[in-house]
């Protein structure tokens, strides 16, 4: 369960999380490391971490969805040395019923972390053979 807590410590919202969820076209595997909060993972966010002497190298980055594509966020985190990324939707960035900043208990968040759209193995044309070329697909982050 993920809880959002307000400035005064009051619980704003509670969401159930699916431990089996993943981002499509992400690299499979398990990683372990400390946790570094990187706001949205934008260049200015990562520069602010560096200026404060915080390194993402060897750590997982916790990033808010938004202010760029999930693919851009994961690529930036990988470039900063992170071994994995946890993306989360902040209710303040998402309008709920009636425009209130809230996700709602049954909101499903689906994202992919590849650059571009479609099947990364067959950009711009259909895949007929059913066989993927060797190597990692283009546009997919390495973490």
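Even glycines carry a Cβ here, placed using N, Cα and C.
Ranges compared are 98-120, 121-143, and TrEMBL records region 'Disordered' for 121-143.
Mean pLDDT for the domain 'PA' (31-119) in the predicted structure: 81.
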